[in-house]
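Below: the structure, in structure tokens.
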Amino acid sequence: MLSDVVIFWFRNDLRVGDNLALVEACASAGRLLPVYCHDPSADAPTRWGFVRRGPHRRAFLEAALGDLDAALRARGSALLQLNGAPRAVLPALAEAVGAAVVVCEAIAAPEEEDELAALRAAGLKVKAIWQSTLLDPAALPFAAARLPKVFTAFRQAVESAGLQPPAPLPAPRTLPPWPPLDRRPRRSDASRDLRAGRSPGVERAEPGNRDLRRSYGAADALTVEIGEQASFPWWQPAFAGGERAALAHLARYFAGDRPRHYKATRNGLSGVDFSSKFSPWLAQGALSARVALAALRRHEIEQGPSDGSYWLWFELLWRDYFRLLHLQQGRRLYRARGLNEGAAQPAHDAVAFAAWRVGGTGHPFIDAGMRELAATGWLSNRMRQIVASYLIHDLGCDWRAGAAWFEAQLVDYDVYSNQGNWLYIAGRGTDPRGGRRFDPDRQAAMYDADGAYRALWAEPEPRTRASAAGGSAPSRAPADTTTMPTMVVVPRASSRIR
């Protein structure tokens, strides 16, 4: 049965392909209004003293939203971007356009679930559709409440049952038209723009945009010159946010033999080729896990399965596991003690935490990783584990502070994986072995024996060679100077993707 007007609220599913929630919204709508909400809480200070979403994530998101808008326009629609908390602007928008229902993807994390509860409390009908896992929870050989306590048991159960996800859904060829924006909402900051029949203004944060550089003074800048060494150069078109770049990257990755070598190279520290680099697009929903898996299966048919291709499946299953763990455990994952009922309240050393954030601990390997993170919004999986372990077990800091810093900085921040991995390192997750402690000296000897990574991210001189020579290479998204010195990324003029 068609509803006259349906609002489709994009959340972490910024794509038109394989988007079950969007398909169902289109099937039930006479008129469809696609919306994205820029919640100011994402840019508010955290309890730890820094903003919740840093400039790398902002820029990557803005690129994805631009790409999504273009995809919607090609299908006869467009993306309405609203400034404000969803609980405030969506009821106002629904009133303005006469919408009876909001359709969106379901996200099984406390804050995201609270958003839906607030909308329903405001009188809106909300249809939330689960779509972010490879496997449908209802198809698993166990109920969600009986999810195995360790990943290995989960993987074995899935593989023994021969479970495979359904094929990805094609993108809609056309979308229902927008409703007329001629009613006036009584509340929401979007009122003026809606009355004018246009999308509310949203400050852009594109790579190189002056808004990103505003208020970042040169006096306190730590400048790093990087180019082809950047492991995920999101400022380059090939690594931009959005579905178009995601699908192009997917095709490039599986066109060669990198999948075959993935298991052997996945613990690398630097470079664009050592890992798949799917995670930033998966995190923002520009790429669905089912589309990624379908490409993997085609690759295996064409070139044969390998240890590397199996390990890509293995990593996608890990992603599912953390999502299913949220369905099972919910808010318990966000307690200081996590799932460890006997765990003590985490200790915290604010001074040590501040030093860790800026790469000032005095340990060259740890500091190299933290400088890379601040400069680029990326860190290899191996380095994430090492620096997290160091923060918790060597510096005696609260794991939640580290999780918050990763949330602010990582372009591939994913609420499920971030929470699950920090709990794992802290010994407050499902692993019966307790926390994982990595010896940074031993890790450096194993993964950076020649010191190349430490040299790449050593504390830089105050000025780059380009600036010393009077050059004007564009600076990229710096870190938040309200809490730390700026680290400006200056790509070499000759930089290229390997």
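Cβ from N, Cα, C; glycine included.
The shown structure was predicted, so the numbers you read here are calculated from the model rather than taken from an experiment.
TrEMBL has this to say about the protein:
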- TYR262, 275-279, 315-322, 412-414: FAD binding site (BINDING)
- 165-180: compositional bias 'Pro residues' (COMPBIAS)
- 181-210: compositional bias 'Basic and acidic residues' (COMPBIAS)
- 465-491: compositional bias 'Low complexity' (COMPBIAS)
- 4-134: domain 'Photolyase/cryptochrome alpha/beta' (DOMAIN)
- 162-210: region 'Disordered' (REGION)
- 462-498: region 'Disordered' (REGION)
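Feature map: annotations from TrEMBL on the structure.
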residue: TYR262; record: FAD binding site; contacts (Cβ under 8 Å, 6+ apart): SER275, SER276, GLY308, SER309, TRP311, LEU312
residue: LYS277; record: FAD binding site; contacts (Cβ under 8 Å, 6+ apart): SER231, PHE232, PHE239, HIS249, TYR253
residue: GLU315; record: FAD binding site; contacts (Cβ under 8 Å, 6+ apart): SER276
residue: TRP318; record: FAD binding site; contacts (Cβ under 8 Å, 6+ apart): PHE151, SER417
residue: TYR321; record: FAD binding site; contacts (Cβ under 8 Å, 6+ apart): LEU147, PHE151, PHE154, ARG155, GLY420
residue: TYR413; record: FAD binding site; contacts (Cβ under 8 Å, 6+ apart): ARG57, ALA283, PHE406, GLU407
What are the DSSP helix/strand/coil residue counts across the compositional bias 'Pro residues' (165-180)? 0 helix, 0 strand, 16 coil
What does DSSP assign TYR413 (FAD binding site), in three states? coil
DSSP-derived helix, strand and coil totals, residue by residue, for the domain 'Photolyase/cryptochrome alpha/beta' (4-134): 56 helix, 32 strand, 43 coil
Tell me the coarse DSSP state (helix, strand, coil) of LYS277 (FAD binding site). coil
